[in-house]
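Engineer: The following block contains the structure, expressed as structure tokens.
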Amino acid sequence: MASGDGIQIPSRLPLLLTHEGVLLPGSTVRFSVDSPRNMQLVSQRLLKGTSLKSTIIGVIPNTRDPEQDTDDLPSLHKIGTAGIAVQVVGSNWPKPHYTLLITGLCRFSVTSLLKERPFVLAEVEQLDKLEQYMTPASEGVTAEDVELGKLSHKFYQAAVQLLGMLDMSVPVVAKFRRLLDSLPRETLPDVVASMIRTSNKEKLQVLDALSLEERFKKALPMLTRQIEGLKLLQKTRKKSPDNEKTVLSVRKGGVFPGRQFNLDEDEEDEDDDGDDTAALERKLHRAKMPEAALKVCLKELKRLKKMPQSMPEFALTRNYLDLMVELPWSKSTKDCLDIRAARTLLDNDHYAMDKLKRRVLEYLAVRQLKTLLKGPILCFVGPPGVGKTSVGRSIARTLGREFHRIALGGVCDQSDIRGHRRTYVGSMPGRIINGLKTVAVNNPVFLLDEVDKLGKSLQGDPAAALLEVLDPEQNHSFTDHYLNVAFDLSQVLFIATANTTATIPPALLDRMEVLQVPGYTQEEKVEIAHRHLIQNQLEQHGLTPQQLHIPQDTTQNIISSYTREAGVRSLERKLGAICRAVAVKIAEGHTVTKTGALSPENPAQLGDIAAPPEMPIMIDHVALKDILGPPLFEMEVSERLTLPGVAVGLAWTPLGGEILFVEASRMEGEGQLTLTGQLGDVMKESAHLAISWLRANAKTYHLTNMVGGPDPMEGTDIHLHFPAGAVTKDGPSAGVTIVTCLASLFSGRLVRSDVAMTGEITLRGLVLPVGGIKDKVLAAHRAGVKRVILPKRNEKDLVELPANVRADLDFVIAANLDDVLNGAFDGGFPGTAGTHTQPQLSSKL
Ligand code: ADP
């Protein structure tokens, strides 16, 4: 190609007008073109031509604002760069365009335009001689112009200095180093200006500098500025221990901004993607994961690099690696346990529940003394809304740990715990790993909520997976199917909650220490409401005690007439409803309800009073009815005991204690017993036992059939019904109630309307102990019962009851059915020892 008078570019050149940067001789730039003229140029000239000449085009910077660009030709910049299109790639997405890779050859100026369509063709004059790019440095600049020589030397020195500051292991830097010595010095301003960080405007200045001297002068300040910038960066790098980051920023933001990796076409191909994976790789190394996990990740990363982005597996692998980076492999919070502070915190957060709080403190104290304790997992068992979750949260706070709740209710697929294998799009890690990602430390408190509601299905047994999670022998290498590498769970503090232990899988129950959290009494609920709930609800609704006042009376009314629960969850909700209603009133700012109920001053005043409500708004009984509607629960016990054949029992359910009505009626028939109301087998047996015992003792107790015969069952059918049929009832503890109910039916006497009872019976008329005494008695107390009949061997359980409940109730301690009947009927029962006296065994504890 070289000849005496150098290489000539064609005198007629098609021109590419571009907004995308400035091409300088000696550099290679990628241009994306989509304007009609440029598209024509590519399709008609570059893609059709066959000679080398046909690949040479002129690149002219289009200085017009791209937004304003119209079809008519802008006045052209006077100087451009002729270049060889070394690569043309077409694409239709997102719109038709070509990407051209062009290497700049030399400057030219436009002499005249020959045609404007389909693309611009111009008569041009070559400005640089092309040989200068071909001849080595030694034959370059002569000493003719001493000034220029000095300048170019200075420039060379600066370029060497810049290189000295860069990381030679980056290929583009190494290439630059080689080129620096082999290129003629006159080409340096162009080459360097296109490589270092310069704006298009600056590049344009270099392009427009036609004399060499001017070109050096224009480019030198850009080069020195880059050196200064780097020096600054390196200073901060020395201060920061994290070298990697600085290197990254030097590469990314500094010397070689993306597009300008021009020395080598191969380098050009290292696009964002490559950068991304490199960043990901650095992150993986920094995630401090165990060796084995890192190995898996690097293998996945290697696969990722080879994958086209459009492949679904790309996103899958990418997500996986992102998760691996995010997981807290060795990040933890420091435990800060001070038992005294813990006690205060637990006391401040929770009223009552002393037994539970004491046990929790013991647990924490032991943990403090023996940090590596592989102790049992605490499991709080009790009705909803008694503060199980809330205590769990307090434990996390006292330890200074993160808290995360994992709801297990209804989970019946083991991949919920252990994750899905990464074989299909949409596979996910399980809840444990997800939780760890959320809290971002490896020693949180995990509350496994409702372990008693774990299901079982074809997809495997989640309880088995949970066992692995909880087992201290295994959980240091818990393997989630999605992660497919072990994660150490041994630092996690697990706490479980359940409504009942009955449905917790035995193997799981075996690992846990069960702490019962019984329901609250009416008084405890009032205290809880006034110490905690009202305060919280006011805050949540943006109210202050100066705006809303709920007297204790009202709270009591809410508890007895609008809620029937062992915990305080609906109470909390009702209080929330009151806050909302009051917030609306205050926001409206001017109305007092028609009844005037919301104002303490004029509760009975009627009429249209348009004054702002008095502060604080007091919620009295009238206001309560106005806001919550008519009472949901009335005291129903006494009302229902108006016929013979009805008795009140006490039942225990996972939701707390309940009062349970038993109704019986008889009709002519053949001695059959019908039972209704969703009863379990044990309950049915109790009914048969009761009937047998009553028949055997009919004479003693003067029991008769409908026509007064001595066998109560003769010519008679009995129907025994347990209302509230939607709930399955089972267990032996209704025995005494059934006996009492039938004794009432057979004798025609009314059972006392304020008595409730519980106890198992035997064929011989003994009363055996039953469980859940505290919850049952509390339920009786809630329902307004005055006397409770209990098995003798349950007497010891009464100490667990709050003093005020014990004071309010009369307890009849029954060793046999005699005692029961005697206590259940006014004035005793005929035939029993106490017929004519007050019940002897009644005690007031
Ligand atoms: P659970 O987990 O037992 O169903 P929660 O912990 O969710 O119940 O409690 C429901 C609400 O009642 C929470 O707002 C909680 O703070 C409050 N609460 C329950 N028991 C108490 C208590 N003894 N003292 C103060 N607040 C309580």
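Placement of Cβ uses the backbone N, Cα and C atoms for every residue, glycine included.
Just so you know, TrEMBL annotations are computer predictions that nobody has curated.
Sharing the features that TrEMBL gives for it:
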ACT_SITE  SER733  active site
ACT_SITE  LYS776  active site
BINDING   GLY382, PRO383, PRO384, GLY385, VAL386, GLY387, LYS388, THR389  ATP binding site
DOMAIN    13-227  domain 'Lon N-terminal'
DOMAIN    641-827  domain 'Lon proteolytic'
Engineer: Rounded to the nearest Å, what's the C-alpha distance separating PRO383 (ATP binding site) and LYS776 (active site)? Just drop the number here, would you?
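Structural biologist: Here the two Cα atoms lie 12 Å apart.
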Engineer: Averaging the per-residue pLDDT over the domain 'Lon N-terminal' (13-227), what integer do you get?
Structural biologist: 83
Engineer: Using all protein chains in view, find how many other C-beta atoms are within 10 Å of the C-beta of GLY385 (ATP binding site).
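Structural biologist: Taking every protein chain into account, the count is 22.
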Engineer: Pick the one among the binding-site residues GLY382, PRO383, PRO384, GLY387 whose Cβ has the fewest other Cβ atoms within 10 Å in this structure.
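Structural biologist: Least crowded of the binding-site residues GLY382, PRO383, PRO384, GLY387, by Cβ count within 10 Å, is PRO384.
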Engineer: Using CB under 6 Å from any atom of ligand 1, narrow the recorded positions PRO383, SER733, LYS776 to the ones that qualify.
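Structural biologist: Not one meets the Cβ criterion.
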Engineer: Across all the protein chains here, work out how many other Cβ atoms are within 10 Å of the Cβ of LYS388 (ATP binding site).
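Structural biologist: A 10 Å sphere around the Cβ of LYS388 (ATP binding site) contains 27 other Cβ atoms.
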Engineer: Would you pick out, from the recorded positions THR389, SER733, the residue whose Cβ has the largest number of other Cβ atoms within 10 Å?
Structural biologist: SER733
Engineer: Suppose the ATP site is GLY382, PRO383, PRO384, GLY385, VAL386, GLY387, LYS388, THR389. Which further residues of the same chain have a Cβ inside 8 angstroms of that site's Cβ centroid?
Structural biologist: PHE380, THR497, VAL517, ALA566, GLY567, ARG569
Engineer: Cα distance, SER733 (active site) to LYS776 (active site), nearest Å?
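Structural biologist: Cα-Cα, rounded: 11 Å.
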Engineer: Measuring Cα to Cα, how far is LYS388 (ATP binding site) from SER733 (active site) in Å?
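Structural biologist: The Cα atom of LYS388 (ATP binding site) is 27 Å away from the Cα atom of SER733 (active site).
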Engineer: My understanding is the cutoff is Cβ-Cβ under 8 Å with a sequence separation of 6 or more in the same chain; which residues meet that for VAL386 (ATP binding site)?
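Structural biologist: Set apart from VAL386 (ATP binding site) by at least 6 residues yet with Cβ under 8 Å, we have MET353, VAL517, PRO518, GLY519, TYR520, ALA566, GLY567, VAL568.
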Engineer: Around the Cβ of LYS776 (active site), how many other Cβ atoms lie within 10 Å? Please give the count over every shown protein chain.
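Structural biologist: Other Cβ atoms within 10 Å of LYS776 (active site): 28.
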Engineer: Where GLY385 (ATP binding site) and SER733 (active site) are concerned, what is their Cα separation in Å, rounded?
Structural biologist: 25
